[in-house]
Amino acid sequence: MEGESVKPSPQPTAQAEDEEKNRRTVTVNAAHMGKAFKVMNELRSKRLLCDVMIVAEDVEVEAHRVVLAACSPYFCAMFTGDMSESKAKKIEIKDVDGQTLSKLIDYIYTAEIEVTEENVQVLLPAASLLQLMDVRQNCCDFLQSQLHPTNCLGIRAFADVHTCTDLLQQANAYAEQHFPEVMLGEEFLSLSLDQVCSLISSDKLTVSSEEKVFEAVISWINYEKETRLDHMAKLMEHVRLPLLPRDYLVQTVEEEALIKNNNTCKDFLIEAMKYHLLPLDQRLLIKNPRTKPRTPVSLPKVMIVVGGQAPKAIRSVECYDFEEGRWDQIAELPSRRCRAGVVFMAGHVYAVGGFNGSLRVRTVDVYDGVKDQWTSIASMQERRSTLGAAVLNDLLYAVGGFDGSTGLASVEAYSYKTNEWFFVAPMNTRRSSVGVGVVEGKLYAVGGYDGASRQCLSTVEQYNPATNEWIYVADMSTRRSGAGVGVLSGQLYATGGHDGPLVRKSVEVYDPGTNTWKQVADMNMCRRNAGVCAVNGLLYVVGGDDGSCNLASVEYYNPVTDKWTLLPTNMSTGRSYAGVAVIHKSL
């Protein structure tokens, strides 16, 4: 009414607003957009309402401007700007092949695309051009999943050209972490001088010894010797010679013709020799890039358990993840295999010889952890089961074993560089069910069964590759056939095994410096025919049998506490005569 003041409406409180919202119901149909794009794609396939034709090479693709603009900033700028293409009915896209353009426009409508080894190198730059960043990322993820010692340098170069920063860093880290395998490949040998220098100068290079870096330099020079000879000094500047063992400097580096014929390289060698003559406290005072130890990023490791008897020969392969404390099944062997020799060499796991359930075999299968697949390589000269296998100086040795009728004293070696097997000196004693290990450049054959005396053996032999001779060293304290043999901190361990019907849980350790064996703590369980490996300062003994049943349990020994501890998780199946190797966990 006239003359009366009007009161302002009260402001709604936050609580009242929430209550009002709760009274309103907003329905979101998650499938709506998908249905809409499905219909738009159907219209496109029927050429209905299309208002633009995109052309690449001889491929013409009809489409809807609004759809292309909504999904691709490249097309959005083209259709909404002042360029002539904004009105054109037909638009040619250069630098993209027709098939790839068609795939990417399909993706815009369907959100589906298949990235393969065959198309990724054309798909990624085309997706970058059209600013389809999800597809570009899919391509990068695919390439990252395909990283392998044979292709990581090529992927790194590809990532660099196309400014894929994360992929570039991942490929570079992969090359550093897998350098001993990368240096064997064609991609490494084809690198430029600057690229090799950049790689071998990295503190993050993962090498067990600086020997690998020296060998890589020599290989790279020799690959194109005439044109690369002048680069020797530049490369040797990045090899940390003072960190090499003195014996290697004298026997290998000093004798290398490429070093002898280059005064600068000889100076680097003299620097290294002088470094070794200094007392330790004075060495620590020398600060230059060649005396600085590398500090690689340690890759997590996994343990691979290959084949075995359960109770018959099996194809199954299990993998134990030390970080996560769990077992997983991985790619099976191509055929049943137990009583094989299993080793890790040059980035791969080798399963050598063994028994397939009916025959002793000569065949060898190789596992690639990155691809999770097995392939076959050259077979041994002789059939061998219950053999010992070990790696020494980049050669795989197959020691002794049983050929189906007799125990073997023969030994053969395999070079992965030539894919060939050749015999070396035989042992002094026939040994089946023999355990082997490498300590300080010597190969040891421990115990076993000789078949002639019908007794298990306590004797041990040592092979020197420099003289191609076997000699006896100190006997074990007890006879052991089927002992699990492993190396930890420069000492040789013999675990369990049996003497006739008696299966042992005792363990003894050999010190090559004193040529003596001593007893350490017993295992928790009696085991023979178990697999053994050393990881992170611990010795793992895997499976085996106790004389009556196969074991799924695993236990590890800590030399600091002299104690054995059972892993809390067992393998999925009890395995005797399985082989064990440790590899880097795939990224």
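Quick reminder: no glycine exception, Cβ is built from N, Cα and C everywhere.
Swiss-Prot has this to say about the protein:
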type: REGION; residues: 1-24; note: region 'Disordered'
type: DOMAIN; residues: 50-117; note: domain 'BTB'
type: DOMAIN; residues: 152-254; note: domain 'BACK'
type: MOD_RES; residues: T295; note: phosphothreonine
type: REPEAT; residues: 302-347; note: repeat 'Kelch 1'
type: REPEAT; residues: 348-394; note: repeat 'Kelch 2'
type: MOD_RES; residues: T375; note: phosphothreonine
type: MOD_RES; residues: S376; note: phosphoserine
type: REPEAT; residues: 396-441; note: repeat 'Kelch 3'
type: MOD_RES; residues: S433; note: phosphoserine
type: REPEAT; residues: 491-537; note: repeat 'Kelch 5'
type: REPEAT; residues: 539-585; note: repeat 'Kelch 6'
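Structural mapping of features recorded in Swiss-Prot.
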| residue | record | Cβ contacts under 8 Å, 6 or more apart |
| --- | --- | --- |
| T295 | phosphothreonine | D203, K204 |
| T375 | phosphothreonine | D365, V366, D368 |
| S376 | phosphoserine | P334, T363, V364, D365, V366 |
| S433 | phosphoserine | T386, F402, G447, G448, Y449, S481, G482, N529 |
Assigned conformation of S376 (phosphoserine) - DSSP reduced to three states: strand
Integer average pLDDT (0 to 100) for the repeat 'Kelch 3' (396-441): 96
